[in-house]
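*Asks:* Reproduced below are the annotations present in TrEMBL:
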{"type": "BINDING", "residues": "340, 341, 342, 343, 344, 345, 346, 347", "note": "ATP binding site"}
{"type": "COMPBIAS", "residues": "54-71", "note": "compositional bias 'Low complexity'"}
{"type": "COMPBIAS", "residues": "72-81", "note": "compositional bias 'Pro residues'"}
{"type": "COMPBIAS", "residues": "148-158", "note": "compositional bias 'Basic and acidic residues'"}
{"type": "DOMAIN", "residues": "242-589", "note": "domain 'Kinesin motor'"}
{"type": "REGION", "residues": "1-95", "note": "region 'Disordered'"}
{"type": "REGION", "residues": "148-170", "note": "region 'Disordered'"}
């Protein structure tokens with residue numbers, strides 16, 4: 001059967017040949033009654049030796065596997081007692097038979113012992129296996145318990161959140177109901193005032209229509225006031241003279257600055273006079289005066305339209321100039337030029353200091369004023385178009401400072417040479433590039449491009465001496481869409497090259513040629529002024545390109561302002577004296593009345 005097959009082979013063998021008990025063995029060894037002690041027992045027929053238990057190879061393999069691999073627990077059962085009791089042994093076996101039976105019994109015992117050891121090993125393996133399974137089940141139960149507890153806590157927290165959310169929803173619902181009630185009340189109030197608003201709308205529309213009529217009336221009055229302002233402005237300009245002269249004294253610079261030779265008399269509300277003290281006067285009466293009685297020093301007084309001392313700011317300077325830039329918008333030709341020796345501050349007056357807003361010069365401030373004023377005049381119907389040109393007169397030749405590509409940053413372009421033409425009573429420069437300009441920022445970029453091209457070099461009198469006459473020209477064409485009036489003005493801002501004595505400047509070679517050309521053109525300018533002052537029939541405008549270009553400005557058809565810049569230093573006394581004498585001659589020169597160019601408005605009003 002299946003169970004019998006699982007038993008060890010030794011057990012099966014013992015059921016066939018039971019081992020005799022000890023009592024039976026002793027009985028078999030006891031001599032029979034009546035026999036003599038020591039007598040040789042009768043020889044009994046020998047019993048065949050039982051065969052050794054045979055263990056099949058399959059059974060051996062199963063036994064080996066049982067010792068290595070845990071097997072299901074099988075209870076060890078001893079041989080049935082009835083089988084042992086019923087076992088019968090031959091009486092009085094022989095010694096050989098007993099030894100054979102003992103060997104068989106020993107073998108069976110060894111087999112049973114080995115089987116028992118195998119069963120013990122299997123039991124230990126099964127115990128370990130079941131212990132491991134029990135530990136795993138215990139761990140799983142603990143993990144499941146923790147998960148259940150966490151789930152319970154999460155459930156409790158969710159329950160709490162839901163409870164709070166429900167309370168918040170109820171509170172919001174209460175608020176919304178209150179807001180709804182309030183909105184319903186407001187809607188009712190708005191509905192009540194709707195008819196009143198409709199009535200007010202009609203009243204407001206009528207009021208707006210009346211205001212529009214008032215605005216049109218005010219605009220007409222504004223245009224009339226603008227026309228009156230222009231007329232008064234022109235009257236004041238005519239009273240002051242077509243050629244006005246401002247004098248500006250350059251402040252002393254450097255640690256070893258000398259005391260000024262220029263004195264501005266006190267008591268003037270708007271200074272219009274200055275005194276130039278002769279050499280040595282800088283020390284007279286001062287803390288550094290020489291010992292002994294003061295020396296008598298020659299002093300000369302000059303009068304101009306306005307005098308600005310060493311402390312005058314750029315804003316103060318332009319405040320007086322701004323009236324002329326307004327004239328350009330009104331349709332007049334305007335020319336402002338700076339005159340003086342090298343290093344007297346002409347370029348600073350006209351251009352200012354780049355990158356410093358408060359120290360901007362006349363040119364950038366005038367440009368900004370033109371665009372600002374044009375925007376304001378747009379409210380009463382005026383629109384303007386602006387175009388800019390830049391040129392220089394270098395070695396008595398005209399050169400365009402804005403050739404094609406000059407606006408690009410980088411290396412300066414080579415200026416193109418030009419000629420001056422005179423036609424229709426006006427001076428013009430054919431082929432001079434004119435660039436449309438829409439705002440002050442664009443104009444500033446054009447100025448930077450022109451400055452890169454302009455000729456400058458260092459001399460003993462000025463580290464960045466301008467070696468050419470620099471001219472900025474802006475054309476302003478205006479039109480009034482409401483009145484039909486038109487204007488065509490022009491603004492010329494000129495930074496003249498500085499006059500200098502070649503022996504003081506220390507120039508040679510090409511620089512000497514430049515200085516000679518500059519001095520020659522300035523001499524020609526003096527000759528033209530002298531001829532105009534003497535009311536000569538012939539004025540030598542064409543003696544130089546500079547005077548030829550300034551012919552319109554100096555002949556009376558333009559409003560002209562001259563800045564004379566002087567240095568108060570004692571070492572520059574002679575140059576300052578020459579500049580002041582020339583400026584005084586210009587200030588006493590009378591020219592014709594400036595002419596306005598454009599088209600009058602219908603009815604004669606602008």
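Glycine is no exception: its Cβ is also placed from the backbone N, Cα and C atoms.
Owing to the predicted nature of the structure, the values given are computational and were not obtained by experimental measurement.
Could you give the neighbours, burial and distances for every feature on this list?
*Replies:* Within its own chain, residue 344 (ATP binding site) has 250, 498, 565, 566, 567, 572, 575, 576, 579 as residues 6 or more apart in sequence whose C-beta sits under 8 angstroms from its own.
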*Asks:* Other than its own, how many Cβ atoms are within 10 Å of the Cβ belonging to residue 347 (ATP binding site)?
*Replies:* 26
*Asks:* Suppose we draw a 10 Å sphere around the Cβ of residue 340 (ATP binding site). How many other Cβ atoms does it contain, all chains included?
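*Replies:* So the number of other Cβ atoms within 10 Å of residue 340 (ATP binding site) is 28.
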*Asks:* Is it possible to list how many residues within the region 'Disordered' (148-170) are helical, extended or coil according to DSSP?
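*Replies:* Summed by class, the stretch gives 23 helix, 0 strand, 0 coil.
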*Asks:* Could you tell me which three-state DSSP class residue 347 (ATP binding site) falls into?
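*Replies:* In the DSSP reduction, residue 347 (ATP binding site) maps to helix.
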*Asks:* For residue 341 (ATP binding site), what is the secondary structure state per DSSP, taken as helix, strand or coil?
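*Replies:* Strand, per DSSP.
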*Asks:* Let me check the 10 A CB neighbour count of residue 343 (ATP binding site). How many other CB atoms are there?
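*Replies:* There are 24 of them.
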